Structures are given as structure tokens and as C-alpha cells.
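For reference, the structure is listed below as C-alpha cells.
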Amino acid sequence: MAPGKKGILERLNAGEVVIGDGGFVFALEKRGYVKAGPWTPEAAHTHPESVRQLHREFLRAGANVMQTFTFYASDDKLENRGNQLGFTGAQINEAACDLAREVANEGDGLVAGGVCQTPSYLSCKSETEVKAIFKKQLDVFVKKDVDFLIAEYFEHVEEAEWAVQTLKETGKPVAASMCIGPDGDMHGVTPGDCAVRLVKAGAEIVGINCHFDPMTCVKTVKMMKDAVEKAGLKAHYMVQPLAFHTPDCSCQGFIDLPEFPFGLEPRILTRWDMHQYAREAYNVGIRFIGGCCGFEPYHIRAVAEELATERGCLPAASEKHGLWGAGLEMHTKPWVRARARRDYWEGLKPASGRPLCPSMASPDGWGVTKGHADLMQQKEATTQEQLKPLFEKAKTH
């Protein structure tokens, strides 16, 4: 960490608002640098300029945290189901740390090294084996001296606990966020119980990321906060949701939606939705507020603009964005100039432009999780013989 920069806990302990960045795998998939399916972050090694630019855009939009592009960068994930890359997770993670640090040093940014759920856990490998995977990633983060650590995107609290316990060995601050909703983890452990277990495991910051829309995630973090306080424990709280509306999602979130992952655009939140999200998160006591899949820099800018008074500043990107559409005052058309006001955008009900589309979908919800035969992972590519029963099962849902 650069001299004079306050650490994550120092900022949160002082009551400051910390703004996270957005969703790298989805953003870079759309830009042509990530393959949907594996969702692995080799672009940090193969196309560093793409990752560096996205970091810069989030920093300019107001983000305080540059999270390393290390999602799914464990070796067991990099070689899962025929994904052959030709280089190691360590190479990817080192490149990701260097890129995040370079951009963080261009502003008041902190670098967070991140680990997430593993194929090994889904395949019922032992605690020792799963922790060894986290430790291997952690060695890079220690070598590169990241500012703090995030264990994110966990569907099972047990695996999240193992991750936190491993990360705590460094002595660095640890945040833990699960990709669950109000119904709890994939084995039915409530959000409150998950949070208590993660705090007891050593996490100083707990919360939710991914799988659900902002308001659902805020609601879930509120459940966590209530349970932690009831247990007489102390923690800070974080939320990094999807930028997609998910009112029709079940326990596993947007992965169950038939639109996942290539038809989600009609569900994306507007920048004005993000203002509402940021305010709601702040009001329930969350101070680490960011985004996950679907979040683009303009979404993070909206969060920063909504909380500008609390933060005492506007982001650099606001130079090109009049608050609540004020820039439209300069538009050539009078009816567009008439939209340069807050009440217009707050009251807008956007149309989809798709006359035959339903407002809700029917999630697949196969109800399988760790231990089920369908979730046993493999190094070899998925075969046609393995796909056939899945195609048939999909027809019945």
C-alpha cells in the first residue's frame, strides 16, 4: 500500500464509504477477452491492456477498490472440463496483481486479492485439499503484498469458512461475501447463520456478491447484519450485487434463468436504479458498496454520485455526466432538454421494446448442489454422451 493511504479497515472504522468496482468477467466477455462457460481470467496474462483499461474506468468512475482479476483462477478451475490454457494460475494471478496495483496507485485505490469457490469442493474433495488450493493462490497475494483479501462467490458456507480460515493466516484484513439470497446457502443455512460463522472464522467484513439484483442483495446483507449483532459480534458489511433485475429467481439466482448468460441485457439496471440501490445500501448500514456481473463503470459512477455528499467528492467521470441528466440541457431537441431533471428519471418506467416478451421467466431450478453426480467436475472436456441426458432433462423443466 502506498505511503499515506488508509487501509480498508481504517476507512471502514472511520465510517467512510468504500466503493468497490464492477463485474470483470461479464464486461470482458462482451469485449472479447473472456470465454463464457469457464469464465476464467487468463486475459490478465494474455491481454493485460484490456484488464488495465477496465480497472482505470472503474477508478475514474469512483471505485476505491481494485479487485484483482483472479476470479476462478485456481488451477483446478483453469483445467476443468477441457479448459486448456498452457500457463498456470500463479502466472495469471501475478499479472492480475500487478495490473490492479498499477491502477490503484493512479488514485486513492486499494488492491484486494480475491479467491472464490472451487470445482474441488463441488466434487467433495477434503477440507485439506480445498484449503491447499486457496493457499496456492494466497502465496501470490502475499508475494505481491495486496492490501486486503476477499473470499467471494461462495454458495456453501462451509467452503467459505475454509477460505476465510486460510486467508486469515496472512494477517491481512479479510472480507467474505457469499452468492446467496434470502433463502440462504445451497444447503439451507440462513444468511444470518452464514454471517455469524464467517465472522467467527475471522472475517472482518461480510456480505453478499453476485447471483441476485441489488435490492435482494441488500435485503440479504441486512439479515446478516441483524444476526451478527444479535450474536454480540462485530463486523463491517459489503454488498456487490448483479446489475440485472432478478425478481423471478429462486435459491441459486440468475444462473437458473433461461436467459443466462447471453440474453440478460433486457434485465440490466439503469444508472437511476443504481442511485436507489446505493441509497438503500447506505441506509441499512452497509459501507462497502460495489458491483459484480453486469456492472459497468457508469453503474459505479451512479453509486459514487448518489453518495457524493457522504464521501465528500464526485468521481472524475462526473466531468462528463451532469447530475440527474443535467447535461441534456444542451441537447438540440426541446423534448430531450425537458428530460434534464431528477423527477423525470426517478419516475421513468423503461420499456423493453419487445412486444412478445414476458416480464418474468421460469427459472430452471434443478435443485442440485455439492455431492450430486451432475456436479462432479473433471479435467476432460464434456462429451456428447454426457450432454445428451442434460438436454433431455432440460426439456422437462
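Each residue, glycine too, has its Cβ placed from N, Cα and C.
As recorded in TrEMBL:
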type: BINDING; residues: C210, C292, C293; note: Zn(2+) binding site
type: DOMAIN; residues: 6-307; note: domain 'Hcy-binding'
Mean per-residue pLDDT computed across the domain 'Hcy-binding' (6-307): 96
Additional residues around Zn(2+), ordered along the sequence, whose Cβ is within 8 Å of the centroid of C210, C292, C293: G23, F26, Y153, C179, N209, H211, Q240, P241, L242, G291, G294, F295
Listed binding-site residues (C210, C292), ranked by Cβ neighbours within 10 Å, top entry: C292
Neighbour tally for C293 (Zn(2+) binding site), based on other Cβ positions within 10 Å of its Cβ: 27
